[in-house]
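Here is what TrEMBL records for this protein:
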{"type": "COMPBIAS", "residues": "1-15", "note": "compositional bias 'Basic and acidic residues'"}
{"type": "REGION", "residues": "1-42", "note": "region 'Disordered'"}
{"type": "COMPBIAS", "residues": "30-42", "note": "compositional bias 'Basic and acidic residues'"}
{"type": "TRANSMEM", "residues": "124-146", "note": "transmembrane segment"}
{"type": "TRANSMEM", "residues": "152-172", "note": "transmembrane segment"}
{"type": "TRANSMEM", "residues": "184-207", "note": "transmembrane segment"}
{"type": "TRANSMEM", "residues": "213-237", "note": "transmembrane segment"}
{"type": "TRANSMEM", "residues": "249-272", "note": "transmembrane segment"}
{"type": "TRANSMEM", "residues": "284-307", "note": "transmembrane segment"}
{"type": "TRANSMEM", "residues": "319-338", "note": "transmembrane segment"}
{"type": "TRANSMEM", "residues": "350-369", "note": "transmembrane segment"}
Amino acid sequence: MKDHPENQEVHEQKDASQQSEQPLDAPQSHTKEQHHQDTETIEQKTIDNISLTQEFKNLFNNTTRSIGKLAGNDEVLKINLADMFSEVFKPHTKQEMDEVFIAGTEYTTPQLDEVSKEWAKPFLFSRIFLGLATVFALLWIMVAFFGNPNGIGGLIFIGALTVPLPVLIFFFESNAFKNISIAIVFKIFFIGGVLSLISTLTLYEFVPVSDDITIFSAILIGIVEEMGKAIVTIYFIQRMNTYKILNGLLIGAAVGTGFEVFESAGYIFRFIPEGFDVMTQVIWLRAWTGIGSHNVWTAIVGAAVVITKGSQKFNWAHLADKRFLFFFGAAVTLHAVWDMPIAEDGILKSILLITLGWLLTFILMKAGLSQVTQLQMEAMKMNEAHQTQAQE
């Protein structure tokens with residue numbers, strides 16, 4: 001780093017007598033000044049970095065709080081992913097796995113005061129993923145190494161299931177109320193998945209979309225498909241008469257996962273004439289993007305339906321509620337941008353959209369956990385009121 005101009009002039013004008021009287025003072029002063037300036041520069045850079053980090057943190061907190069308020073929760077989103085997934089890498093007994101699967105029956109649904117208000121720590125979804133991935137690998141060996149075409153059917157179906165199904169199990173494990181059984185989840189997955197495809201195709205009869213994907217057609221696709229899935233999601237939410245946000249997330253995820261699995265299997269099947277290698281590439285693409293596409297988008301819509309209707313019966317006027325419009329609009333936007341031909345790096349775009357989708361999902365999960373606290377407090381007040389009346 002250079003000295004300031006005034007310091008350079010001072011050094012040049014010093015005469016020999018001054019230099020002889022103070023031979024070491026000038027260099028020492030120069031060195032100290034340089035060190036002081038270097039220190040100031042480092043401190044300023046550190047302050048700038050801290051300021052940027054704090055600005056980003058403030059932006060994140062304000063954004064998540066604002067979105068959370070629409071879901072009935074005004075707290076900042078605080079989530080420790082390392083803690084949430086801490087059970088994934090620990091050994092678990094068969095009994096522990098059975099306890100997860102038997103949740104939601106008449107005899108295994110916990111009382112409201114027993115429901116946990118803490119973030120869930122799912123683990124079973126990772127075992128489901130490993131099991132499906134192993135089956136897929138064995139089927140791939142059967143076709144690729146032994147040349148047996150009988151494995152292609154299984155390869156298509158398992159390939160379509162390998163990622164979306166574990167994501168659905170993650171939602172199942174995250175339902176703190178544990179009031180929906182795995183049998184009901186699979187019922188919604190299969191029946192809801194097919195019904196959502198049919199409802200979407202019906203809507204396409206009224207809103208024809210060109211095969212050439214443009215920005216406009218991508219928006220239409222997002223609206224039509226999210227509405228098609230929303231109709232089926234609303235049906236199951238209404239039939240189960242639930243007002244719990246975590247239930248809405250699970251029901252929506254089940255419908256969206258069914259839609260995604262059947263759609264992916266169809267896409268993979270259509271690429272069979274292109275050859276085994278091309279078909280395998282399509283399987284990989286549909287698999288990893290299944291981390292957060294239709295399943296997450298429809299989960300967001302399912303939560304929005306529950307938030308909007310509350311404990312009332314759903315009516316179509318709820319669709320005009322700003323809370324539903326926001327979350328439904330968010331799902332449509334994520335879906336539309338996913339299909340838009342706007343980025344050369346499709347992988348980066350998908351990763352960004354998956355991240356945003358899960359961010360919204362975690363905000364809604366936090367609102368669901370806050371609802372647990374609210375319901376428990378209301379139940380406690382009611383019990384106290386009943387006890388007071390009984391004493392009187």
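Note that Cβ sites are derived from N, Cα and C of the backbone, with glycine treated the same way.
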Recorded stretch, among 284-307, 319-338, 350-369, maximising Cβ pairs under 8 Å relative to the transmembrane segment (249-272): 284-307
Same-chain residues near the transmembrane segment (284-307), Cβ under 8 Å, at least 6 residues beyond its ends: 70-72, 159-160, 162-164, 167-168, 171, 196, 226, 229-230, 233-234, 237, 242-245, 247-253, 255-257, 259-260, 263-264, 267-268, 314, 318, 323-324, 326-328, 330-331, 334-335, 338, 350, 353-355, 357-358, 360-361, 364, 367-368
